[in-house]
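Taken from TrEMBL as is:
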type	residues	note
DOMAIN	29-144	domain 'BAH'
DOMAIN	146-197	domain 'PHD-type'
Amino acid sequence: MAKTRPGVPSKIKTGRKELDTYTIKGTNKVVRAGDYVLMRPSDAGKPPYVARVEKIEADARNNMKVHCRWYYRPEESLGGRRQFHGAKELFLSDHFDVQSAHTIEGKCIVHTFKNYTRLENVGAEDYYCRFEYKAATGAFTPDRVAVYCKCEMPYNPDDLMVQCDGCKDWYHPACVGMTTEEAKLLDHFACAECSSDDDVKKSQNGFAASPADDVKVRGSKAQEKIMARFPRVKATRGDNGKLYDLEALWCIFLLS
């Protein structure tokens with residue numbers, strides 16, 4: 001099975017009837033509209049595709065079809081996988097398709113980003129989505145996201161971060177000269193800037209468990225840390241005919 005080109009949902013053809021459920025072949029797992037499923041890829045060496053079932057139908061010969069909306073993995077998107085993409089991150093695309101129901105291998109769960117970060121244990125069937133993706137243009141919604149730490153990167157839930165008691169910003173242990181093991185033993189932490197401030201007080205109420213638990217990005221430094229996501233193209237040609245790297249230009253803008 002392979003994904004077709006991005007398009008729009010197909011209309012129901014004459015002779016097809018809509019069904020409420022489909023039982024995955026060889027299992028007792030029941031699929032309904034709105035469920036998330038794993039679908040067999042054309043290349044056996046690749047992980048299964050992830051889709052959301054929009055509709056289930058059968059034709060006059062009882063051939064089962066599912067209307068689905070594909071999720072893309074970061075490496076399938078324009079720009080590819082980046083350092084801050086989590087291993088279980090998916091993008092909900094505008095790519096709709098109709099596939100044979102027999103290509104469904106199993107079911108999974110696509111969590112919201114916040115709910116995923118609250119999971120005590122992440123199972124093989126757990127994924128998360130924080131962006132929608134337009135397959136034809138490479139555009140993301142939202143196209144901006146808060147960044148953290150000295151490295152000014154978006155939050156990757158696979159990476160441990162520690163929160164400063166003073167400015168409330170989050171830091172990767174390696175970026176502040178600590179090992180992951182040392183960071184796990186901390187009761188309190190102050191970044192280099194805040195540790196020189198005698199007025200920093202240790203909070204007795206604790207902080208959010210992760211940046212995703214912050215309702216708002218707190219602290220004056222963090223409030224300013226907003227960056228554009230995923231340039232739609234890797235380079236652009238200027239009026240002088242030269243090619244310019246958009247990511248490099250954006251970094252220069254952030255530092256100016």
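Just so you know, glycine gets a Cβ as well, placed from its N, Cα and C.
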Summarise the domain 'PHD-type' (146-197) as counts of helix, strand and coil residues per DSSP. 13 helix, 7 strand, 32 coil
Give me the mean pLDDT over the domain 'BAH' (29-144), rounded to a whole number. 94
Using DSSP, tally how many residues of the domain 'BAH' (29-144) sit in helix, strand and coil. 11 helix, 58 strand, 47 coil
